[in-house]
Structure formats: C-alpha cells, structure tokens
Amino acid sequence: MDALALEAKGAKSESAAAPAPSKPRPKPPQKAKRIVYFEVEILDIKTREKLLLLDKVCQSLTCQVSIFTDPHWYPARQSLCLDPKGKPLRDEEILQELPVGTTATFYFRDLGAQIAWGTVFLIECIGPLVIYLLFYFRLPLIYAPKYEFTASKHLVVHIACVCHSFHYMKRILETLFVHRFSHGTMPFRNIFKICSYYWCSAAWMAYYINHPLYTPPYYGEKQVKAALGIFLFCQLGSFSIHVALRNLKLPGCKTKKIPYPTKNPFTWIFALVSCPNYTYEMGSWLGFTLMTQCVPVLFFTVVGFIQMTVWAKGKHRSYLKEFKQYPTLRSPILPFIL
C-alpha cells in the first residue's frame with residue numbers, strides 16, 4: 001500500500017511538473033495587395049489629337065473595355081495600339097502586363113463600320129448558290145430565246161449542279177451550326193470585294209457549264225465518276241475538320257489549342273498538315289474541275305489554291321510561334337510539299 005501511494009504521488013508530481021500545452025498563435029493579418037493605378041492617355045492615330053485622358057485606371061483593366069460610350073463608336077470598331085505603326089492590342093491583354101509605365105499612351109484607330117463574320121459567310125455563300133441555279137434553269141436573257149427553261153441533255157451538267165449546290169448548302173449550314181469565329185467582325189467595306197469575287201466566279205462557271213453548246217469531259221462517264229468520288233470524299237473531309245476545330249474551342253473562349261487527329265479517319269491528315277480544311281477545300285474544287293473540264297472552274301480553283309496557301313502559311317507560322325511543342329512534321333497545306 002505504501003509503494004502504491006508513493007507511485008501515485010510520483011505520478012501526480014510529474015503531471016504537475018509537465019508544462020501546460022501552449023495555445024496556437026494567431027496568424028498575422030495578410031497584407032493587402034498593393035493596387036497600382038495608371039494614367040491613360042488616348043490619342044488619335046492620324047492627327048495625334050488627345051481624345052481622352054483617364055485617371056486612376058485599375059491595373060487589371062483589359063483592352064476589351066469600350067473607350068467611348070457613343071453608339072456610333074461601338075466596341076467592334078474601336079482599336080488600340082501602343083505604337084502608331086504597331087499591331088492592334090488583343091482584347092484579352094491586361095494593362096499591367098503591357099510594356100508601359102504608370103503613365104500610358106495609346107493610339108486609337110477607327111476600324112469603320114463592322115459586320116459579323118457569320119453574316120459575311122452567309123451572304124458570300126447564298127449568292128453563288130442562287131446565281132448558279134439561274135443559269136442551270138436557263139432563265140430568259142441568259143442564252144438564246146429557244147433555250148429558255150430547257151434542260152441539258154448531258155448527265156454531267158446535272159451532277160455538277162447538285163455538287164455545286166451541295167457545297168454551298170454545306171457551307172451555309174456549317175456557318176449556322178458548326179463554325180465558331182475567332183474574330184467577331186470585319187470591316188463592312190470588305191464584303192463588296194469578297195462577294196463580287198465569289199458571285200462573279202459562280203456566274204462565269206455556271207454560264208459555260210450550263211451552256212447549250214457545252215461538251216462533256218474527254219473521258220466521259222469514267223472521268224465524271226472519278227471526279228465525283230474525289231469531290232464527295234473531300235467534302236466529307238472538310239466537314240470532319242470543321243467539326244474537329246469546333247470541338248477545340250469552347251463558346252466565348254479565345255484560348256488557342258493545337259489540333260490533333262481524332263478517331264475520325266478524315267482528321268488523321270492533321271498529323272501531316274496544319275490546315276487540312278484548306279487541303280480538303282482545294283481537293284473538292286479539283287474534283288469539280290475534273291468533272292466539268294471547264295476553264296473558268298480551273299481558273300477559280302487555281303486562284304483559290306493560291307489564296308488558301310497564303311492563309312495556310314500564315315496559320316502555320318502562328319502555330320509555330322505560339323506553341324513550342326508544335327509538331328515539326330506538319331506542312332501548311334500539302335504534306336511534305338507546301
């Protein structure tokens with residue numbers, strides 16, 4: 001009993017000697033982030049006249065903010081740049097990340113009246129679709145009176161009309177339901193240049209293909225069938241590429257991504273080409289050229305190929321500049337060639 005009492009007494013003395021647990025120290029209050037304000041001066045890019053002076057502008061302001069509230073100067077027609085000869089600033093660029101001091105000078109450019117890219121595509125495609133059909137049905141004042149509202153005796157003429165109409169109907173539907181445009185608008189004045197090219201080219205092609213004196217291709221039905229196969233293959237490929245590109249972009253997101261082949265075999269060409277949509281478009285018109293064996297169609301195909309090559313090279317350079325890990329095996333528009 002004495003031993004147990006001594007052990008209990010020793011345990012009590014040890015517990016009494018043990019220090020009490022310390023309370024956790026309160027965390028020091030976080031310092032508030034230092035907010036830097038800018039003074040922004042807006043000058044007219046042509047006259048260098050001071051248009052606006054903004055004081056205490058927040059550092060997180062983006063270039064997407066509209067400078068003027070006047071309805072005439074809506075945001076789409078406003079452009080800012082740091083140098084009169086420099087490139088326009090992107091909407092997502094933030095003020096504090098620009099190479100400027102706390103006193104910044106921007107140059108304002110009026111881009112003129114703007115029109116949505118979707119509207120441009122629709123007008124651009126509806127014109128050739130309607131114009132071609134006017135020649136196909138041989139409306140009055142196009143050919144001699146005796147040929148008014150007559151039909152061609154050559155099967156290739158009717159196949160060509162279906163292919164031409166299918167191509168532009170496909171583009172219209174893609175504009176409405178597939179495409180997501182990275183640029184919202186373009187200058188309104190450009191629509192006249194674009195439409196005049198597509199509309200006049202469609203009239204030129206349609207006049208000769210549907211002419212009463214038109215002669216079928218040299219190799220006849222075999223040539224038409226082979227060309228039709230090329231045309232349909234490239235149309236399916238073009239649609240597949242447009243869907244793949246759409247899936248890369250979320251609505252309202254401007255972040256660029258590298259397109260890669262998917263499970264769809266028509267997208268496997270991404271392994272070799274940066275812009276397969278132009279490759280398939282060129283293939284479609286090549287098939288249409290072989291099908292009709294018509295000089296205006298050949299001219300339209302060659303001019304289109306030159307223009308698409310320029311666009312493809314520009315896109316390819318943009319990919320190489322923006323992505324360090326971009327596949328080096330890819331060519332802009334033709335595998336291993338161009």
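Positions of Cβ are set from backbone N, Cα and C atoms, glycine also.
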Given ranges 57-72, 265-280, the stretch to which TrEMBL attaches the annotation transmembrane segment
265-280
Intrachain residues whose Cβ lies under 8 Å of the transmembrane segment (286-311), provided they are six or more past its termini
156, 159-160, 163-164, 167, 201, 204-205, 207-209, 214, 216-218, 223-224, 226-234, 275, 278, 332-333, 338
Who are the long-range neighbours of the transmembrane segment (115-139) in its own chain, taking Cβ under 8 Å and residues 6 or more past its ends?
147-151, 157, 161, 164-165, 168-169, 171-172, 175-176, 179, 181, 183-188, 190-191, 194-195, 198-199, 201-203, 205-207, 209-210, 212
Secondary structure split (DSSP) over the domain 'TECR-like N-terminal' (38-110) reads 9 helix, 30 strand, 34 coil
Across the domain 'TECR-like N-terminal' (38-110), what does the mean pLDDT come to, as a whole number?
76
